[in-house]
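Engineer: For reference, the structure I am asking about is given below.
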Amino acid sequence: MGKQQSLILIQKMVKIPPLQALSLFNSSIQQGFQHTHHSISFLLQHLLDHHKLPHAQSLLLQILSNKISSPFFTVPSLLHHLTQNQNQNQSQNQNPSMSSALLYETIINAHLKSQLLDKALVFFNEMVDKGLVFRPNIFNSLLGSLVRSNCFEKAWLVFNELKERVKFDVYSFGIMIKGCCENGNLDKSFQLLGLLQDMGLSPNVVIYTTLIDGCCKNGDIERARLFFDKMGEMGLVANQYTFTVLINGLFKKGLKKDGFDLFEKMKINGLFPNLYTYNCLMNEYCSEGKISRAFDLFDEMRERGVEANVVTYNTLIGGMCREERVWEAEKLVDQMKKAAVSPNLITYNTLIGGFCDVGNLDKASSLLDQLKTNGLSPSLVTYNILIEGYSKAGNWKGVADLAREMEGRGISPSKVTCTVLIDAYVRLQEMEKAFQIYSSMEKFGLVPDVYVYGVLIHGLCMKGNMKESSKLFRSMGEMHVEPSDVIYNTMIHGYCKEDNSYRALRLLREMEAKGLVPNVASYSSIIGVLCKDGKWEEAELLPETRFYGCKNEPASITGIVVACVCFFVPAFAVPSEIRSAEQSIVLSVNMFFAFSIAQLFLPMLSLMKCGLFIFFASFVAIMTSSFIPFLPERKHVPIEEMYKVWKEHLFWRKYMPVDDPRANVTSNGEPYFRHPTGRHFVLKLQSSRFSNSKHVNCHFMSY
């Protein structure tokens, strides 16, 4: 029944023009008419015979998308019927070969627009096998679709297979060169350039721009410059996009001056920057912290009638957030909305990151709510920014809440997210949840690193669960993760807390065998637990092991530092005009002995990464600087009047000897001296009555 109705419809369509036949076909479908492959084949051929290619292609697209369906045919059977019986309904005046080629091109184009690349490739190969001559545009459409769909290898195979059978044009080479550059295969793109020239074709501005862009993205800026210069030699005029890609490449390579010089050259050549050029320049200014210069370009851009897009605003917002001008950045978002540019997810992520950096987590959270209200969905990046902000602030509960929200939205965490979450749960002493995150990492294809293991082992050791921490420690070897010195020290400390000197000492030996340096806490803990167990001999061996096993500072460097601090610091701290030789010697000797004592702890200094050395140096520096406020020079007092300064300060009066005789005379003119206890003794001189010599008697009176 359906076939008879189709034949009747075909008889009607053959008598009218193709577009009227198409209208009749559409109206019959609306009336519920069930077509067969005969009626559809006839209509397609009728359209192709009269060069109505867009209409024929539209009809095929409807069939491929199942908008037109019938129980009397399937899409594969219809296409088979079309290709196998293409001569059946041809017009007598139409070249059969040409008609078949047009039919294949229509089928291929319809499949390409439907993103059915593999089937399009099948029909293209079938077309080639039949020896049909196709136009360059169908071949270029196929190559372009394959390249855009990340099927460059297939495109490369097709290109090479047909290299000898098809006459390529410049556009064909342009597509393939672009594919090579996007895939980072510059060598192939240079081969194609040579082949293009060997075929007598001349590369155009688009091809050179593509090559320059590819070289810049792959870091080969010198070759990009060579191509740019070669364009000028060939008489080709670089366009705005050519200048922009090279300027951007120079900036990324750190050649900022060259980039700005090229921008000036662009303007001299009469080319005004386009939106992408302005965005590139503003991004560079923002990355340098020159926000005002970026806004100058923003104003210039608007004066020239170039409308800013979301990338422009995001660039400026990012620059201000890096400068911690977050409130100004938020105002720019309002300006952005007034300009009818909608903030995107990057805009909100940038703002949220800015407020997290300045510690305003409440505002960052409100922006997250605002993001959702505006119909946007937070991404993994959004949550990572917030989680990092909360972790820096020590708000581990907030981190856990964000993790639950992420899970509720079905967002898979990244390695960074998992690491921060594990750290948060360990700090909250929720080890079960921490291990749930650890177990889920494998499900997400993430490999735990040494930091993750370190956090978990630390949490278990703090809980006193050395059995599980030992299992986790040994599992690191199975995962090919080498334990760090921090993990070894954590395990040693954990065993020492359990008074397990045997395991602690064994880990210490294992650690030293691997060339790792134990810290002071590990040695102290082990010595303590060994002494507690009565293992005095083993405890006595540890200092020797520590001395030879640790990296000590060279003695020569230490000696130089001691000499400089002991003898040069006093010279600068107490000027020679107001100090006696005795004072200098006393101060220097005292400092020398202080540092000599410090040298006894050289192994400890090395183990603490020179921390103790820095402590001693800081202590001496602070003690030395304490003299400075009491110097007469700081009080603008002449040297000869320095006793006035000493007289006013208890520190000097109590501990420093006085050379000025006026300072050691009572109100009656009697000399006195000060005992270290603080008491004063008056010295009275009397001549002896029993001798003619000048012998005197000394009497001391205290008061």
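Quick reminder: no glycine exception, Cβ is built from N, Cα and C everywhere.
Please treat TrEMBL annotations as automatic predictions, because they have not gone through curation.
TrEMBL feature annotations, pasted as is:
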REPEAT    100-134  repeat 'PPR'
REPEAT    169-203  repeat 'PPR'
REPEAT    204-238  repeat 'PPR'
REPEAT    239-273  repeat 'PPR'
REPEAT    274-308  repeat 'PPR'
REPEAT    309-343  repeat 'PPR'
REPEAT    344-378  repeat 'PPR'
REPEAT    379-413  repeat 'PPR'
REPEAT    414-448  repeat 'PPR'
REPEAT    449-483  repeat 'PPR'
REPEAT    484-518  repeat 'PPR'
TRANSMEM  555-573  transmembrane segment
TRANSMEM  585-605  transmembrane segment
TRANSMEM  611-632  transmembrane segment
Engineer: Could you tell me what the rest of the chain brings near the repeat 'PPR' (414-448), counting residues at least six beyond its ends with Cβ under 8 Å?
Structural biologist: 380, 383-384, 387-388, 391, 396-397, 399-400, 403, 406, 455-456, 458-460, 463, 465, 479, 481
Engineer: With Cβ-Cβ distances below 8 Å as the criterion, list the same-chain residues six or more beyond the ends of the repeat 'PPR' (344-378) that contact it, or say none.
Structural biologist: 310, 313-314, 317-318, 320-322, 324, 326, 329-330, 333, 336, 385-386, 388-390, 392-393, 395, 398, 409, 411
Engineer: In the same chain, which residue numbers or ranges, 6 or more beyond the ends of the repeat 'PPR' (204-238), come under 8 angstroms Cβ to Cβ?
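Structural biologist: Answer is 170, 173-174, 177-178, 180-182, 184, 186, 189, 193, 196, 245-246, 248-250, 252-253, 255, 269, 271.
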Engineer: Counting by DSSP, what is the helix, strand and coil composition of the repeat 'PPR' (100-134)?
Structural biologist: 27 helix, 0 strand, 8 coil
Engineer: In terms of Cβ proximity under 8 Å, which residues at least six beyond the ends of the repeat 'PPR' (449-483) contact it?
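Structural biologist: Same-chain residues near the repeat 'PPR' (449-483) but 6 or more away: 415, 418-419, 422-423, 426, 429, 431, 434-435, 438, 441, 490-491, 493-495, 497-498, 500.
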Engineer: Kindly state the mean pLDDT of the repeat 'PPR' (100-134) in the predicted structure.
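Structural biologist: Reported value for the repeat 'PPR' (100-134) is a mean pLDDT of 76.
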Engineer: Summarise the repeat 'PPR' (379-413) by DSSP state, stating how many residues are helix, strand and coil.
Structural biologist: 26 helix, 0 strand, 9 coil
Engineer: Which residue counts does DSSP yield for the repeat 'PPR' (204-238) in the helix, strand and coil classes, in that order?
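Structural biologist: Per-class counts: 26 helix, 0 strand, 9 coil.
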